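Working notes, beginning with the structure itself.
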Amino acid sequence: MIKKIGVLTSGGDAPGMNAAVRGVVRTALSEGLEVYGVYDGYLGLYEGRIEKLDRSSVSDVINKGGTFLGSARFPEFKEVEVREQAIENLKKHGIDALVVIGGDGSYMGAKKLTEMGYPCIGLPGTIDNDIAGTDYTIGYLTALNTVIDAIDRLRDTSSSHQRISIVEIMGRHCGDLTLMSAIAGGCEYIITPETGLDKDKLIKNIQDGIAKGKKHAIIALTELMMDANELAREIEAATGRETRATVLGHIQRGGRPAAFDRVLASRMGNYAVHLLMEGHGGRCVGIVKEQLVHHDIIDAIENMKRPVRSDLYQVAEELF
């Protein structure tokens with residue numbers, strides 16, 4: 001029977017992580033369990049930075065961005081000896097199970113701990129929305145609002161200067177954030193891992209728009225597709241129209257979480273505790289068609305694929 005639960009946040013921070021931690025802590029305490037916070041993710045787990053949490057520990061955090069527990073990249077966690085030390089640190093506090101909030105790298109750590117016999121539940125905390133088995137990840141919709149706000153501001157100045165603007169948006173190998181931002185922000189062109197980049201077609205479309213009297217354009221580009229500044233130089237050389245790239249960077253991860261992310265994170269944190277109490281381990285939580293679900297964490301990492309939103313790409317194609 002579970003008596004003590006640990007919780008950590010790992011990888012890139014996402015708005016709503018604090019709400020998720022709060023959901024875990026308050027639910028566990030309501031069920032008569034003890035809760036321990038692990039500071040700075042798997043690094044802190046390895047170094048033994050673990051402290052008992054109470055209700056006041058998570059007071060006034062639901063509205064704050066980032067994660068008060070801290071987070072850190074710690075690739076050394078893939079080493080067996082490192083994980084053995086981490087488990088030993090959990091056992092020192094009598095912690096029976098762990099809730100891990102983060103992206104696919106964090107899930108991999110939870111998977112490894114599960115394989116070593118330590119029950120873990122994963123919660124999807126990443127602005128990239130690239131986790132299989134869930135329609136939305138914690139932080140995604142807040143980041144979407146942040147990106148749209150930036151696009152709106154860029155459109156103002158691009159229009160004033162008759163300029164083409166490229167907006168580089170986070171997402172790694174998933175174009176969801178770029179796609180939704182482009183639709184909501186009224187972008188003229190979109191480049192994501194799912195669409196690829198036909199540079200000749202892009203330049204021709206821009207030239208056609210200029211010929212029809214279009215004064216400015218916004219291009220939404222997913223990070224890692226190509227160098228945004230190099231693309232800007234090529235477009236300017238081909239069209240004669242001033243072109244500038246704006247890399248939004250880590251501003252997309254910050255800020256007060258939107259109401260949706262606060263509620264989603266709270267629900268997921270609550271659900272994770274109940275899963276552990278029911279004897280589940282090695283699972284990850286998602287939301288599908290507004291219903292909370294859980295999957296085998298190994299399947300989420302290795303077998304499940306996020307569906308390409310072909311319907312929304314069709315909408316984007318017709319609107320752009």
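Placed from the backbone N, Cα and C atoms, the Cβ positions cover glycine too.
Taking all protein chains in view, 25 other C-beta atoms sit within 10 angstroms of the C-beta of Asp128 (active site, proton acceptor). Annotation source Swiss-Prot lists active site, proton acceptor at Asp128.
If you look up Swiss-Prot, you'll see Gly12, Arg73, Phe74, Gly103, Asp104, Gly105, Ser106 marked as ATP binding site. For the recorded site, Phe74 (ATP binding site), the DSSP three-state label reads coil. Non-local neighbourhood of Phe74 (ATP binding site): Ser10, Gly41, Tyr42, Leu43, Tyr46, each in the same chain, at least six residues away, with C-beta under 8 Å from its C-beta.
Classification of Arg22 (ADP binding site) by DSSP places it within a helix. Marked as ADP binding site by Swiss-Prot: Arg22, Gly23, Val24, Val25, Arg26, Arg155, Gly186, Cys187, Glu188, Lys212, Lys214, Lys215, His216.
The Mg(2+) binding site feature in Swiss-Prot is assigned to Asp104; the stated evidence is sequence analysis. With a cut-off of 8 Å between CB atoms and residues at least 6 apart in sequence, the same chain places Thr126, Asp130, Ile131, Ile301 near Asp104 (ATP binding site), listed in sequence order. In this structure, Asp104 (ATP binding site) is part of a helix by DSSP.
What Swiss-Prot lists as substrate binding site is Thr126, Ile127, Asp128, Arg163, Met170, Gly171, Arg172, Glu223, Arg244, His250, Ile251, Gln252, Arg253, and the listing cites sequence analysis. With a cut-off of 8 Å between CB atoms and residues at least 6 apart in sequence, the same chain places Gly12, Asp13, Ala14, Pro15, Gly65, Gly66, Ile127, Gly139, Ala143, Met170 near Arg253 (substrate binding site), listed in sequence order.
Geometry remark: Gly105 (ATP binding site) versus Arg244 (substrate binding site), CA distance 33 Å.
Neighbour count (other Cβ atoms within 10 Å of the Cβ, all protein chains): 13 for Arg73 (ATP binding site). Whole-number maximum of the Cα to Cα distances across the ATP-binding residues Gly12, Arg73, Phe74, Gly103, Asp104, Gly105, Ser106: 13 angstrom.
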